[in-house]
Amino acid sequence: MAAAAAPAVAVNGGVKVASQAYLESKAVKETRVLISDLCRQFYNLGWVSGTGGSITIKVHDDSIPKPNQLILMSPSGVQKERMEPEDMYVLAANGSILSSPSPKPYPHKPPKCSDCGPLFLKAYEMCNAGAVIHSHGMESCLVTMINPLSKEFKITHMEMIKGIKGHGYYDELVVPIIENTAYENELTDSLAKAIEEYPKTTAVLVRNHGIYIWGDSWISAKTQAECYHYLFDAAIKLHQLGLDWSTPNHGLIQNVKALIGSNRDINTSVKAGLKDSNHGMQSLPGCIVLDIEGTTTPITFVADVLFPYARDNVGRHLYATYETAETQDDIKLLRTQVEDDLARGVNEAVSIPPDDAGKEEVIAALVANVEAMIKADRKITALKQLQGHIWRTGFQNNELEGVVYDDVPEALEKWHALGIKVYIYSSGSRLAQRLIFGKTNYGDLRKYLSGFFDTTVGNKRETRSYIEISESVGVDRPSEILFVTDVVQEAVAAKGAGLEAVISIRQGNAPLPENHGFKTINSLSEI
């Protein structure tokens, strides 16, 4: 085993990591053995067959900062299942080779450090990794070929997602896909760009090739590698069954060509229509605007979950964040609203003392006003903005989770596949809307939404609000917009602005007046 001449690096005034003594230390020897053991295991899994694939691990030493720790790397072009501990390369943190394996007799080729070396070093540099695995597992190759144009692999609602760092069962796991090249080292820039654009990822797929996976330690990298390969295999098998692995309910794959007709022009055929036995098939507008309460989400969720949470936590929130610019802005808006309420004689409005009266007195008055506003279900910006900030804390602390009807995710996915833009218009703040759809009982649905509107564009029962929306969503005519709501007065206002409007009928919604004149639906799947 040859040791290359390299500058010795002193760590904390102790042993030099590039010294011969350190290269022969127990930590280095144990890491050599570990890599050879893992390569045999990975060979049996099909990850490193045909001399392909590789693994690298940093030599863990508590006395040495991770960026300065030695790197052990398997060689290239060798039978991975037959490697011995002495076959490993030892590199300094900057990538210079400190020790290389001795040549073996014919038919073995001369030793060569892994072709993956530059990519391994990039993962160490950008992700502070402790180990990196490069797999040629068949499943990691096939998932990139199912959709040859896709730049991402996505999957959600699978138990093994929990094994990926920073992810849970309801989360959407996204793995970037980069294009393969003739030589491994040519992938380095693409890998770096993917890591930069996907800061949460711990893996990058290479189309028609394999995957790079890293972790804080060899255990983390190995565990995640096993989970990634499981999820890829699951996606392939779901695809074979005609099921969509990327959606929460893993329903049937929506074949867009079959849905819109393979012999028809997409621009005209996407108007799939509104199915209503009383009115026949109507053409679907270019974009859809959805209300939340009673349309996508049960009214009870807002009334029985969100409002009580805001009411019960307003005091705690104001005390904890009183000095922040955000909360001071909230207080300023509330002051203006309360002053207007007092001038108009609104019941239960309480004068808010000036700031110099003391934090406790100001907060007590704010709490009294906010509780009264919530009780009266007032649709005012000052209240909605503060509620959004309170709810944000609840969602971040996993104390809140959005609820949508079972038909909502599939409908959103279908419209998204057809290129139909979908917006939300609610009396709740845009922040609150993003929170509700960002963490639902079906995962993150924001990827299907093009934007959010709140009362800053106007009251939902005023026609001018819908005129403002129609001028913001990029349609040629207001009639190209379909507005879905459970409130007749809102439908009337939308119709007055030239929008198409339908009424959502859900359990718990308020009864509709007779002869209201609008189409009705019981599920978004009817659109």
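Heads up, the Cβ atoms here are built off N, Cα and C, so glycines get one too.
Under the heading active site, proton donor/acceptor, Swiss-Prot lists Glu159. The substrate 1 binding site annotation in Swiss-Prot covers Cys116. The feature Zn(2+) binding site is assigned by Swiss-Prot to His134, His136, His209. Positions annotated as Mg(2+) binding site by Swiss-Prot, on the basis of sequence analysis: Asp291, Glu293, Asp486. If you look up Swiss-Prot, you'll see Ser426, Ser427, Lys460 marked as substrate 2 binding site, on the strength of sequence analysis. Annotation comment: Swiss-Prot describes 1-244 as region 'Methylthioribulose-1-phosphate dehydratase'. Summarising the annotation, Swiss-Prot assigns region 'Enolase-phosphatase E1' to 288-527.
Feature map: Swiss-Prot annotations on the structure.
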residue	record	DSSP (3 states)
Cys116	substrate 1 binding site	coil
His134	Zn(2+) binding site	strand
Glu159	active site, proton donor/acceptor	helix
Asp291	Mg(2+) binding site	coil
Ser426	substrate 2 binding site	coil
Lys460	substrate 2 binding site	coil
Asp486	Mg(2+) binding site	coil
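Here is what falls inside 10 Å of the CA of Cys116 (substrate 1 binding site) among the recorded positions His134, His136, Glu159, Asp291, Glu293, Lys460: His134. Taking the Cβ of His134 (Zn(2+) binding site) as centre and 10 Å as the limit, one finds 29 other Cβ atoms among all the protein chains shown.
Close to His209 (Zn(2+) binding site) in the fold, though at least 6 residues off in sequence, lie His136, Cys141, Thr144, Asn180, each with a CB less than 8 Å from its CB.
For the recorded Zn(2+) site, residues His134, His136, His209 set the reference point as the centre of their Cβ atoms, and the other residues of that chain within 8 Å of it by Cβ are Gly52, Gly53, Ser135, Gly137, Ser140, Cys141, Val206, Gly210, Ile211, Tyr212. A Cβ within 8 Å of the Cβ centre of Asp291, Glu293, Asp486, the residues given for Mg(2+), is found for these other residues of the same chain: Ile292, Gly294, Thr295, Thr296, Thr297, Ile299, Ser426, Thr485, Val487, Glu490, Ser504, Asn509. Those residues of the chain, other than Ser426, Ser427, Lys460, with a C-beta within 8 angstroms of the mean position of the substrate 2 site C-beta atoms are Asp291, Ile292, Glu293, Lys379, Tyr425, Gly428, Asp454, Thr455, Glu490. Sequence-distant contacts of Ser427 (substrate 2 binding site), defined by Cβ-Cβ distance under 8 angstroms and a gap of at least six in the same chain, are Lys379, Lys384, Asp454, Thr455, Lys460. Note: Asp486 (Mg(2+) binding site) has non-local neighbours Asp291, Glu293, Gly294, Thr295, Ile299, Ile503, Ser504, Ile505, Arg506, Asn509, Ala510, i.e. same-chain residues 6+ apart with C-beta under 8 A of its own C-beta. Separation of the C-alpha atoms of the residue listed as 'active site, proton donor/acceptor' and His134 (Zn(2+) binding site): 24 Å, rounded to the nearest whole number.
Lys460 (substrate 2 binding site) counts 22 other C-beta atoms within 10 Å of its own C-beta, drawing on all protein chains shown.
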